[in-house]
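J.: Would you mind keeping the following structure in view while I ask a few things?
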Amino acid sequence: AGCEKEPSSYMWIYILLGNMLRGIGETPITPLGISYLDDFSKEENVPVYVACLHTIAMMGPMFGFLLGSLCAKLYVDIGFVDPGSITITPQDSRWVGAWWLGFLIGGATSFLSAIPFCFLPRSLKKPEEANKDKTSHGLLESTGAVRNKLSPEKTKPRKWSVMLKGKLLGNRMYFTFLCCSLLQFSGFIGFLTYKPKYMEQQYGQSTSKSNFLIGMTSLPPVGLGIFLGGLIMKKYKMGIIGATKFSFTMSFLAYAISLLHFFVGCDNYVVAGMTASYE
């Protein structure tokens with residue numbers, strides 16, 4: 001009778017709000033950070049700097065998986081119960097790791113890493129003053145100067161629908177890149193999300209070991225590839241057409257190699273009522 005009760009935990013609400021706040025704080029780093037690098041760096045160095053930015057971003061999930069592997073070895077009520085009284089092991093299906101510990105460590109680390117941003121200067125010295133008007137900062141300044149000269153009738157705010165249709169969705173290059181990014185990230189996230197569970201079910205690995213293997217084998221090659229791509233673009237000084245051809249070639253080879261996953265695997269477990277009869 002003690003087990004027949006409805007779950008009353010609202011912890012998922014705190015996790016939802018925490019992830020929302022984290023997303024709000026992380027969002028400006030990528031778009032504004034890339035624009036910041038583009039404005040105050042030499043043109044040939046921008047690909048390397050952006051590659052470094054994304055490489056460091058890929059190291060985060062890698063350390064996250066390693067941290068998750070460590071936390072999964074600890075019992076969920078660590079610090080509140082006597083470890084000697086725990087009779088099950090991480091290999092037991094009833095084992096629940098200390099999933100909440102990763103949020104505390106990650107949150108504290110994120111807060112400490114955000115402090116140096118407060119000391120960044122508002123503006124840096126441009127490498128080439130002659131190209132000032134070609135940067136987004138120069139365009140913003142010139143746009144503001146023109147806007148001040150215009151009459152109030154000509155500075156009415158534009159509707160979002162008009163901006164999306166005219167500037168964003170109307171740009172074929174941007175729209176194509178957006179569609180490609182959606183497809184790539186959808187496939188990558190699905191692969192990264194379900195591969196640990198696949199390793200647990202098919203190969204009989206614990207949650208801790210599955211997270212450790214994913215963190216050490218899947219993410220470092222991605223970060224290394226991003227960094228090498230930035231170096232190659234800098235060395236050969238690729239323009240938009242050259243970068244597109246390079247991206248298409250590498251993506252085609254990646255998808256061709258990914259087809260080998262169809263030939264890797266093992267037999268399913270015998271499950272009564274599904275793959276075998278109850279008898």
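Quick reminder: no glycine exception, Cβ is built from N, Cα and C everywhere.
Annotations for this protein, taken from TrEMBL, read as follows:
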TRANSMEM  12-34  transmembrane segment
TRANSMEM  46-76  transmembrane segment
TRANSMEM  96-120  transmembrane segment
TRANSMEM  173-192  transmembrane segment
TRANSMEM  212-233  transmembrane segment
TRANSMEM  245-264  transmembrane segment
J.: Check the transmembrane segment (212-233) against the transmembrane segment (46-76) for contact, please; criterion is three or more CB pairs under 8 Å, pairs 6 or more apart in sequence.
T.: yes
J.: Which sequence positions outside the transmembrane segment (12-34), separated from its termini by at least 6 residues, show Cβ-Cβ distances below 8 Å to it?
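T.: 50, 53, 57, 103, 107, 110, 114.
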J.: Residues sitting near the transmembrane segment (245-264): Cβ under 8 Å, six or more positions beyond its termini, same chain?
T.: 184, 229, 232-233, 238
J.: List, by number or range, the same-chain residues at least 6 past the transmembrane segment (173-192) whose CB is under 8 A from its CB atoms?
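T.: 61, 214, 218, 240, 251.
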